Structures are given as C-alpha cells and as structure tokens.
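Report on the structure given below.
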Amino acid sequence: MKFNNMIDHTLLKAEATTKDVDKLIAEAKEYGFKSVCVNSSWVKYVKEKLKGSDVLVCAVVGFPLGAMSMQAKVFEAKLAIDHGADEIDMVINIGRFRDDQHDYVLNEIKKIKEVMGNKVLKVIIETALLDKKGIKDATNIVLQSGAEFIKTSTGFSYSGAQVEDIEVFKEILGDKVAIKASGGIKNLNDMKNLYKAGARRFGTSAAVAIVKEQGKQ
C-alpha cells in the first residue's frame, strides 16, 4: 500500500521561511501528497504555487492553542477559504471543553463549517490534554458537528497520535467521520500502525523520509 495520497505534508513552525515553504510545495508535487498544510498566512502563496497540480491546500485555524475568540477563528477560516484553502484543520477551545462547555465547542465547529461551503473541515481535539472520557466526549461532539474529519493533535503538545486514541475514535465514529493522525509520526511503522487502527489521513513533517522508506520495501 502507498501512503502518499493520504499524507498532508506539513510545515507549521513559526520560523518557516519562503524557502522552506517552496521546498514543501516541491516535495508535495514530486511525491504526490494529498495536501500541503501550512499556517493561514501562507495560503494565498501556496495556492498560486500549486496551480495546475492535484495537491490540495490545507490551512490551520486557531493554531496551535485553540484559545482565541470564536469570532477570530471563524474569520481566519473564512479568509483562508477566500484565499484558496481546500481544507481547514481547526483546534477546538480545549479550556472551554474541559470546563464542560460542550455547547460552546460544538457551536464553534459548526460556525466554522458554515463559512467553508463544501470544503473539508478537520477538528483537532488535542488528545494529549484529555483523559479517556474527554477523548470520547470530544469525539461525540465532532460527530454531531458536520465536520468531515477528527484529528488527534497539533504536534505542539506533550504527545501526538497514539494508536489507542485512534481506536477510540473508530469505535465511536465508525465510517461517519474520517480520522486524521498527526504529531510524532516519524517512520513507516508508525503510519502502518495508525492506519490499522483506523486513520486514513496523516499529518507529518517526515513525509519524504516515510515514503522513501516505503519505496525500499
């Protein structure tokens, strides 16, 4: 199995330069990755550079903390879509979620989805900051929200994608909502294990190394 078309080739570090983004774009085209995932200020630039290719543009919203106002997130999402984003990866308000303000979290996801039209929304719940009950509750919120994907992590917290968390997602969601694993995916074995658990999209900055490893097998 080839994982190329399941990978969001990702560059989200604060210090990313134009040269870094150009390299990301070139690699995504060369290896046939599903998307290039960048911070929202890069969307217009990346969209222009990807013109004529099948690679999608994915933008993060409310990243990495998820703690800004709902209005700010909705505006960022709309602007990213207007600039050409095909997909949005948003971070939920984790503090509000942990305060049991589940209606707030659900409403925020729905409001972002509303401004996206038919574009794909992935919802990051940051599993590292939740216990097992929290992961289940957050998964159920995503199930009600109309989002196309649930996503494990930003890659900026204590840990990233874990097989056991993907299994919890799958048990609750079945095939109703797709699963994206991200954070700490460093090699082909990581990706295979997460795929077996139910993940069908992968966010990683190690994509080139992983597909080269895949090519040797």
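Even glycines carry a Cβ here, placed using N, Cα and C.
Per Swiss-Prot, active site, proton donor/acceptor is recorded for D89 (among others), and the stated evidence type is sequence analysis. Applying an 8 A CB threshold to same-chain residues 6+ apart, the list for D89 (active site, proton donor/acceptor) reads D8, C37, C58, A59, V60, V61, F63, K122, I124, K151, K180, G203.
Here Swiss-Prot flags K151 as active site, schiff-base intermediate with acetaldehyde. The Cβ of K151 (active site, schiff-base intermediate with acetaldehyde) has 29 other Cβ atoms within 10 Å, all protein chains considered.
For K180 (among others), the entry in Swiss-Prot reads active site, proton donor/acceptor, with the evidence type sequence analysis.
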Conformational class of D89 (active site, proton donor/acceptor) under the three-state DSSP mapping: strand
DSSP three-state assignment for K151 (active site, schiff-base intermediate with acetaldehyde): strand
